[in-house]
There are 2 protein chains.
Amino acid sequence: MSEGKRIGIVGATGAVGRELMELLEARDFPVAELRLLASARSVGKELTFRGESIAIKEARPEEFAGLDYLFLSAGGDRSLAMAPAAVEAGAVVIDNSSAFRMDDEVPLVVPEVNPEALLNHKGIIANPNCSTAITLMGVAPLHQRFGLKRMICSTYQAVSGAGATGITELEDGVRAWSEGKDANPSTFPHPIAFNLIPHVDKFLESGYTKEEVKMRNESRKILSLPSLPVSCTCVRVPVFRAHAISIFAEFEKPVDVAEARAAVAAFDGAELVDDPTNLEYPMPLGYSSKVACGVGRIRRDEALENGLAFWVVGDQLWKGAALNALQIAEHLVR
Amino acid sequence: MSEGKRIGIVGATGAVGRELMELLEARDFPVAELRLLASARSVGKELTFRGESIAIKEARPEEFAGLDYLFLSAGGDRSLAMAPAAVEAGAVVIDNSSAFRMDDEVPLVVPEVNPEALLNHKGIIANPNCSTAITLMGVAPLHQRFGLKRMICSTYQAVSGAGATGITELEDGVRAWSEGKDANPSTFPHPIAFNLIPHVDKFLESGYTKEEVKMRNESRKILSLPSLPVSCTCVRVPVFRAHAISIFAEFEKPVDVAEARAAVAAFDGAELVDDPTNLEYPMPLGYSSKVACGVGRIRRDEALENGLAFWVVGDQLWKGAALNALQIAEHLVR
């Protein structure tokens, strides 16, 4: 790769920030300097990168000077507040929040799906919603082959989507159950252990959640299909960190299952796991800390014309967040 | 109700059999005699009904003499072997297996949906697949109001669907996790704790599972819509005993969400739980040992013409099995 880059992470102590540090190291990203930034209450803590301790500083515009890339992963409000200053300071911002995703001036990118969108950025690049990025790793190869016409999704979303406290809340809930006590949820609106919560992100007046609307709007933007019909129901499930999505998709051209499988197998970042005879299909337990998203259960959809039904699984913290953000930076430094 | 009936249960020691005994008692079914039948290895055990101990006998045709109703809940092979003898002996068989469900001579009944089918039975009545029965508790009121045209479902199925060993396998899996050990699955093909298994019942050559085909075929028969397009992906989730289904349905007539809610609220056996503002929607934790199925998240579907998206939850062991079977008998004794 190229010469070392000066990298900043806002939200370094969060679940996504920590995965990003791990991936920067594991994937040998050319880091000349790493600045870890967070809210005032994390100042004084230290985190280790490549064997060296780095003190966390408060995320303030002064800290952005000289940065090549700034990863923002501290929520939409902080992204809105900080991104312009970082761009002003000369950094390219890769933003993990929803703040800029639907901004016409901001590319929204899954590098395997629409890398061409990176050519025209103006300093800010948006990282998609986790469910959307993972869903599209299965949908995109089929869209390229058959032409996507309509998409219907039900998600099975891991607790890591709510950050580190989502993970501890599931652990605590299971512990409470084993001790015969009541769960005491604070991150999720209801107990998540041994339960399903059909509610991710805020409700809108339409009865949809923001998460469900993101799936529609972000899929349309990333696939350059601005009027694609998309329906989605998002559900939180008691799984730690890989999301799964049950997808029914209608295509322009006649579909063929063998061709669909070949298209998935050939797609960078997707992994075909589709051998029912040997009970092989992707599952969350196999997709924690994994780069590829798994695609399986591919079969002819019986209710849609030229339809395929399939199932996609991917690491919410990696392809759904930190990995995709880093892959954007990797594309830019190439 | 009417005079006491002589009741037999084959599969009395299984998860469904035990729930059936509980429901016979709790719902004051007019039982004059209860015969508990099971495989040879359960002979000698006793179970309590209305405070009295009943010895389990081996399920053999001789034991069917004089029975008014025989509930069969010991798998398809035993149902095929025993149902004719029971009918011969004068009993009405209510069969919980899939053995007779698609037999043209056998009514397949959800009493709130198609009670008229009970009028023409010839001694055997089939109880539907658990996911199908629960799904239809949400679909039927909307079908009656708007005319169902197409249905696309993703299931979230509890471990109780695999019987009592499914429940212990989830418990054991969670215990193994808390002790840092590997799970050791035998009922399910893979570990179920903190995982999702997109595979319920056997795979067919089409790539669909039998469970997915049951959803299509049984829905068509119960709703009297023999060519209804149905797509379904069935997924096992780490939840104890309530199934959930994410449904996208297309209708003949224009839909209206307020009317849809009213139709669900007015439907016997369904319960409208649909108040996003107050974070109310049905969830598995609230639907164990509950008669009604919960229906919520009702909203306009954005990818289907005249479409509605919604979410149904119901007790797999009750509406999905024992309760529906007992409700069939309740209808017959009225």
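Easy rule for this one: first residue shown is 1, then count along the chain.
Keep in mind that glycine also has a Cβ here, set from the backbone N, Cα and C atoms.
Residues A:T13, A:G14, A:A15, A:V16, A:R41, A:S42, A:S160, A:G161 are recorded by TrEMBL as NADP(+) binders, and the candidate that the same record lists for that site, out of A:Q316, A:Q327, is A:Q316. Note: A:T13 (NADP(+) binding site) has non-local neighbours A:L36, A:A38, A:S42, A:K45, A:L47, A:I56, i.e. same-chain residues 6+ apart with C-beta under 8 A of its own C-beta.
Of all the recorded positions listed here (A:C130, A:Q157, A:H243), A:C130 has the Cα closest to the Cα of A:R41 (NADP(+) binding site). A:C130 (active site, acyl-thioester intermediate) falls within a helical segment according to DSSP. Broken down by DSSP into helix, strand and coil, the domain 'Semialdehyde dehydrogenase NAD-binding' (A:6-121) contains 38 helix, 32 strand, 46 coil. Classification of A:S160 (NADP(+) binding site) by DSSP places it within a helix. Per-site Cβ counts within 10 Å over the recorded positions A:A15, A:C130 peak at A:C130. Just so you know, the Cβ of A:R41 (NADP(+) binding site) picks up 10 other Cβ atoms within 10 Å once every protein chain is counted. Looking at A:H243 (active site, proton acceptor) and A:R236 (substrate binding site), their Cα atoms lie 9 Å from each other.
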